[in-house]
Amino acid sequence: MKTAEKLGIIGTTISIFGIGFGWGVFPWLIRMQIGRVSLSPGSETREFWEKIPFPIDFKIHIFNITNHVEVQNEGKIPNLQEIGPYYYKEWKEKSEMIDYENDDSITFFMKNTWFDNKEKTLPLTGDEMVIIPNPILVGLITAAEREKKGVLPMINKAIPILFNKPDSVFLKIKVYDLLFGGIIFNCTTKDFSASAVCAVLKKEAPFLETVSRSVFKFSILNQKNGTEEPLKLQIKRGIKDYTEVGKVIGANGKNKLTNWRGRPCNNLEGTDGTIFPSDISEHQDIWSFNLELCRSIPAKFVRKSEYKGIPAFRYNVTIGDTSTDPSLKCLCINDTFCWKKGAMELLKCSGLPVVATLPHFYDSHEDFLNGVKGLSPNEENHSIFFDIEPMTGTPLYAKKRIQFSFPLGKINKIDLTKNLPDTLLPFLWVEESIELPDYLIDKLNSELFRILQFLDVIKWVITLFGAGVVSGGVGLYYKEKNSLPITPTSSATSKKIDNPTDKTTTHELGHTNFGYIN
């Protein structure tokens, strides 16, 4: 009996150890170790953060307007033809990094560099001609209508001089020139109105690239290619407190933005978008700062997913609804005008009055889609999402997509707009996609998941071994119980038992244990 009891106690203890450590302590220790990631100078994480060691796929789609004459003269609904994608390899890195030991932070600028990926772009070459809203002309008119209505008559007089007597707000241009070559804008003039407009543009149009003293140009990528973004960010390194790694705490030396009409739109939330927290729960949003939108934006958990055998959480991102969400009212143009669901204007962000939405007006108000023809929004091709490994916070697979559109419509005192339809006209949309390379997948597997798999086996071995010891103790207990020796009775007693009339028989029978020893 003592051996059986000992086996039961030992087995139970082993099983409890296996369950407690295997399902509780081991995972906790791993999460604690993995979670202690920081941007310590010289560390592998810091090097990866400073420059992503592989190029990101970057794609651009251009919208060609096939009925621009009818749109300009008759106010017809624009008919769009999507041209693309044009592929590029995008390298992302940080520059001018300065570490601050006192508050465990680092300041830096983002820098993107694009290289043409001609093989993927084929059969397109960039020589394709497209008709688009003239970004300088439409941008100038719209910005003035938003901010300085009093200068609209002056702009109306300056348009024929600065834009060579245009008969339309639309422009025919080669795709390459739109993306890199540039749209030339010549301010060489002695006309007072034109000179005044040029003076304003020089001061308030950061999207224009200077060619000479009086000549400028506009392109989508050339001015930004290989140059620092104008916003200097400050984030936590996570050396003193690993839970704060990547947290944005400053922009251009301030602890909040100044682009928008107030809080919470000017608040800095989450990380810089290139590093994420570890030990993520599906019940929490993931916040990050988006440079293109000049705002922090949350990603919402959608479902559990998997990427190349690695368990992941899928999150998606939407623009939001400035017209109904009280927390987004500060993104509205003014007290009386807010864009409907899925749209936000970037005049206060980029200096150009374009409107950001998801491509093809996916997850946006139906009025936007009804205002044009030729779009087919769907989740697979037009949503923003990413898959992230929750224990380490490693992004595994992501697609970030943004469409840029120009507000179109009649603007008082601008002759060229008198017949234009009121619509939001898509201009182009871009996609950044990232897939963690196989060599990094193997690294993640070898340093994390193979350890987890090993521990998973160990915890079951320990638990089942303990259960086996308990089972052995139980078996031994019953074996001992069933194999106890039988004590033979005397012949006299037997005779007494055989004689039911003998009184002493009852007395002896009352003290027998039927052959068992207590």
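Just so you know, glycine gets a Cβ as well, placed from its N, Cα and C.
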From the disulfide entries in Swiss-Prot, identify which of CYS330, CYS332 pairs with CYS265.
CYS330
Which candidate, CYS294, CYS332, CYS338, does Swiss-Prot give as the disulfide partner of CYS349?
CYS294
Minimum Cα separation from ASN316 (N-linked glycosylation site), reported as the residue among recorded positions ASN186, ASN225, CYS332, ASN334, ASN381 that achieves it:
ASN381
For CYS332 (disulfide bond), what is the secondary structure state per DSSP, taken as helix, strand or coil?
coil
May I ask which of the recorded positions ASN64, ASN186, ASN225, CYS265, CYS294 is closest to ASN334 (N-linked glycosylation site) if we compare their C-alpha atoms?
CYS265
Separation of alpha carbons, CYS330 (disulfide bond) and CYS294 (disulfide bond) (Å):
13
Nearest to CYS332 (disulfide bond) by Cα, among ASN64, ASN225, CYS265, CYS349 (recorded positions)?
CYS265
Same chain, 6+ residues apart, C-beta under 8 Å of the C-beta of CYS338 (disulfide bond), given in sequence order:
THR322, SER323, LYS329, LEU331, CYS332
Between CYS330 (disulfide bond) and CYS349 (disulfide bond), how far is it from one CA atom to the other, in Å?
13
